[in-house]
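Features of the protein shown, as given by Swiss-Prot:
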ACT_SITE  HIS100  active site
ACT_SITE  ASP103  active site
BINDING   GLU231, GLU267, ASP295, ASP338  Mg(2+) 1 binding site
BINDING   GLU267, HIS270, ASP306, ASP308  Mg(2+) 2 binding site
Amino acid sequence: MSTGFFGDIQKIKYEGPDSTNPLAFRHYQPDEIVLGKRMEDHLRFAVAYWHTFTWPGGDPFGGQTFLRPWFEDTMKAAKLKADVAFEFFSLLGAPYYCFHDADVRPEGRNFAENTKNLNEIVDYFAEKQAATGTKLLWGTANLFSNRRYMSGAATNPDPDVFAFAAATVKTCIDATQKLGGENYVLWGGREGYETLLNTDLKRELDQLGRFLNLVVEYKHKIGFKGTILIEPKPQEPTKHQYDYDVATVYGFLKKHGVENEVKVNIEQGHAILAGHSFEHELALANALGIFGSIDMNRNDYQSGWDTDQFPNNVPEMALAYYHVLAGGGFKTGGTNFDAKLRRQSLDPADLLIGHIGGMDCCARGLKAAAKMIEDKALSQPLADRYAGWESAEAQKLFRGEYSLDEITNWVESHDVNPQPKSGKQELLENVVNRYV
């Protein structure tokens, strides 16, 4: 049943690359076969509940610009928001969505009331999922907006805040499991510091490790089959965040013995804030065996903060999905649009148009990446570059069968005098441009 919020807009359909209809897909075809698999099953698109339905359009210099009929902190408004959200998912044909607890329920007076409100809306979501076929990609807890978390959640100097946060995460994992969610995400927006003058780094990192182990233990206790994901970000809102980037997260996971239990949800905008490219973080996560899922968006490269815009750069998407595909593709993860409208984009149709453009951009990137893989456009030059390591002697060297003394003797006796070879960066950049 239509809520009327989107007027007479009908379900978004594919019309082909020559279409000028802003409410149609030009490149995204869910059933198109790419590398032997449906495009929808490769991309696994999800809509972010928070940016799409709860963001008021404010910025540091101005308040709310969006006037949504559900912008009240009541259960009635929460259910109206859910009605509009699931209508949106159906219009867009999005197979998944993601949420924080605070996005979907009204704020209660205490933990018990928060839990009651969450359970009520989860039951409502279950009905909506059954009616529409939309599924939950992942759930998470908002442990950063409420003032109780201003000094952190897991890393808070007050153990009562730690306990409140841990109990909240339990309820959110329960909700995620009840709704058939395929992952559970931890993002430590306040797990960091503003100044070292009042921060015990070792204590806070140890607290964070204990918190993470509690989550992993509870996952196994209840038989949750999904993946636990950490989302790296270097800063914002804190000056320095402990889950800075993929490399930092991996070191943290290793220290606390959960590197085989937890993977990463990588956001393009966060990679940029950390001084990396998106594909760097994806490639590193693959190399370390912790790639899980992605939050798809882009940052304004001039702004210096997290602008969460919809992706529109096909070459960037092609390289991103190249690494996703090269790593075997998504297992339980997917492509969550952690992106929001600009505050002047007031029309309900703008919500659809932003997602349509992002989905088309990702589809073009996916197809370009798939073609590069089929043609071995990058993998063959890479194999050629490292071919020397495939020899028997080089394999022994790699496996550690020679000591430094033996290596030195071998270099001297064989008069080893290697000469450099071209890295062919310009050629490879031109190769990529042929596909995009």
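For all residues, glycine too, the Cβ spot is worked out from N, Cα and C.
When secondary structure is read from DSSP and collapsed to three states, ASP295 (Mg(2+) 1 binding site) falls in the strand class.
In the three-state DSSP reading, ASP308 (Mg(2+) 2 binding site) counts as coil. Calculated from their C-alpha atoms, the gap between ASP103 (active site) and ASP295 (Mg(2+) 1 binding site) amounts to 17 Å. Using a 10 Å Cα-Cα cut-off from ASP338 (Mg(2+) 1 binding site), the recorded positions that qualify among HIS100, HIS270, ASP306, ASP308 are ASP308.
Nearest to ASP306 (Mg(2+) 2 binding site) in space, judged by Cα atoms and limited to the recorded positions HIS100, GLU231, GLU267, ASP295, is GLU267. Listed in chain order, the residues near the Mg(2+) 2 site other than GLU267, HIS270, ASP306, ASP308 are LYS233, GLN268, GLY269, ILE272, LEU273, ASP295, ASN297, ASN299, ASP338, each with its Cβ within 8 Å of the site Cβ centroid. Separation of the C-alpha atoms of GLU267 (Mg(2+) 1 binding site) and ASP308 (Mg(2+) 2 binding site): 10 Å, rounded to the nearest whole number.
Excluding the listed site residues GLU231, GLU267, ASP295, ASP338, the same chain places TRP187, ASN265, ILE266, GLN268, GLY269, HIS270, ILE294, MET296, ASN297, ASN336 with Cβ atoms within 8 Å of the centre of the Mg(2+) 1 site Cβ atoms.
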